[in-house]
């Protein structure tokens, strides 16, 4: 064989020239597909322009189409971006939580210590997910697909072309078990469900393809195991439902991409959420029996545990949302009040930042704890309503306290408070508690368990009373009535109407649904029932049941088969009627008050007991005595609006400091408020008993007011303090400086002189999950000028000392006895609050560049030593460094 001659270093071989195409050929092969793609895009973009010109349409239609396309593309990109972000969170959960620890969008087990993380359950689900996917795929093809084809003749070609449930499995972000309920025969567990799936489901119907590529579902799923048994299988049934409507977002493909179009995407998602809510959101539930032969009626359709009556009274200091040319205007506020699937909307108060509604809404509550009261405030506009703040209240504490009358601070807004009165109404069977309707409020509820009907007439035009006999039927109607009716039921009590589901083509329909009504007058109101045919749009039977007919039956329950009027001779409907009366029950005596108004259950009855047994000492009084100081009318009016009717008995003992000196009587308007006793008269040490009355005590509850004591003006010598503070003291932002003003002190050491006192009421509100600090007022403050001082109070929850975490009261001008009555809330978990301290400083407001003294004193309170659930209200002595005097 002849050896091949070696080629020159720069020359290509003949074999390489045959196998490797030249650069011109490669360039042409790449440009050809790109050129074709470019031409197709140009034709696609210019096609609508040519079509508009051919049809003689104006350019407005082109702009409108371009706008709709851009909007659709924006929605599409946003949905894909949210899905990608959710996938990233699932893949890097630990890093995301570490980076966003201070954020609000975190799993429930981080925010709430009673929610446990169950990572072991997620590992089990992840391991078994491929097998579960195979099971679901077979169920879809073998059972779901034939059922869909049987629904209509137009769905006979319906086929699942692709079923892939992806690698992303559902997760349980947190589990909370409720063990403090009274029912010992049930286990209640709340699961924080999160499914961010990469599933791909495609369907085909008459060569039209559609499908889903990605689903997000988040919500709280409650699982109830009830009743617990002593033998196998130890559980009678499993009940599953969502406490609130879950959040659902679907990424559509194929023809269903049109559902992402502007104006349609929100409607499509809401329709799917409503479809889930009709089956799985309270009061709807799914009950799966575990033990055979068990009656599941009470489990599938339980009675409400109570009724909450919401008095939407007023709001104040709402944010200004109506702006015109940069000028701040007012708002047109209205409120949306909801519990689960029950929603109400108040009327709109136009151009008012302090609206008054005085409206009442009533809700049925099925699960406590679990369901929350949500209030959202909006500013009504012609284009889009602006958000003014929201509020979420746990109904468990309202059920415990029976009545809560409180001003609530709105969340997610700059300013605003909402005044609500919440009443928990118990369901009773005692007819003695039945009262007449007062002001349109409900006195009872009616629960209707609609079971089934039998022997409904096929021909709705052949009633015995001859109502439809005279009508002439067309040939189409005669042929149609030979089929069984598709019946549904309309039930109404008063102005409220409910409609059942439709049972297609069945003369013995089974509905198995429950409906609830509020009753205003049991003696006069009736239940109106009408069975209708969905195909013929006519009545198949009617029934009227007076509600007073239920009163003679045991447990106010009537269960029987009722004969339908205007129907066949043997047409019956089976249902159960349950009547319950509504009443606000009194709280048990001696039980601790845990509601939000507990912060303001201060001294209502004040008793003064002299401890000096001198000749001028007065004996202990049996009844309450009022202070000689005249109250402020405006503040009293405000306190009455915050009052509530239920309190607990408690007694607080405080020692009133003695006045060292008495000065000349001040002149001016504030002199009457500053002095409680005649000038020049010596005061003896006295013990102040602050008594909070029990639930049967009359009169409104007022906020704690500081005790008015005579001012003791004295001069301070020139002095500068810079005390060394350790531990938490070094974190306080108050730097005490007394060298800015020359005053005189008789007697020496500044540390031994009193700087005044401040009254605080501190308590952890479980209802709001926050620490509430009520600044009541101050007394005996140090004067900064000849006219007194302009004090205000600054509060920090150490160790947080950022400007955003700073709380500040309003400034009270020219007074040494300021009354604030301002509440601040710190949204911190209970376990975290125990590790914190309060830094409360009283300061003097001074103009910019002024040399007046700013610091008047401060107080440091270690919260780990206090009972925050019970709360405390007392006077604290102001010191330069916040520590109590030794």
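Yeah, the Cβs are placed from backbone N, Cα and C, and that goes for glycine too.
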The residue range that Swiss-Prot labels transmembrane segment, out of 30-50, 72-92, is 30-50
Given that Swiss-Prot records 322, 379, 380, 381 as binding Ca(2+) 2, the matching residue among 332, 372 is 332
Range annotated transmembrane segment in Swiss-Prot (choices 9-29, 51-71) is 51-71
Per DSSP (helix/strand/coil reduction), residue 322 (Ca(2+) 2 binding site) sits in coil
Other same-chain positions with a Cβ less than 8 Å from the transmembrane segment (30-50) and lying at least 6 residues past its termini are 62, 65
Apart from the site residues 322, 332, 379, 380, 381, the 8 Å Cβ neighbourhood of the Ca(2+) 2 centroid comprises 321, 331, 333, 348, 378, 385, 386
Minimal Cβ count within 10 Å, across the binding-site residues 322, 332, 380, 381, points to 381
Counting across all protein chains, other CB atoms within 10 angstroms of the CB of residue 379 (Ca(2+) 2 binding site) number 20
Taking DSSP H, G, I as helix and E, B as strand, the domain 'C2 1' (291-408) contains 11 helix, 59 strand, 48 coil
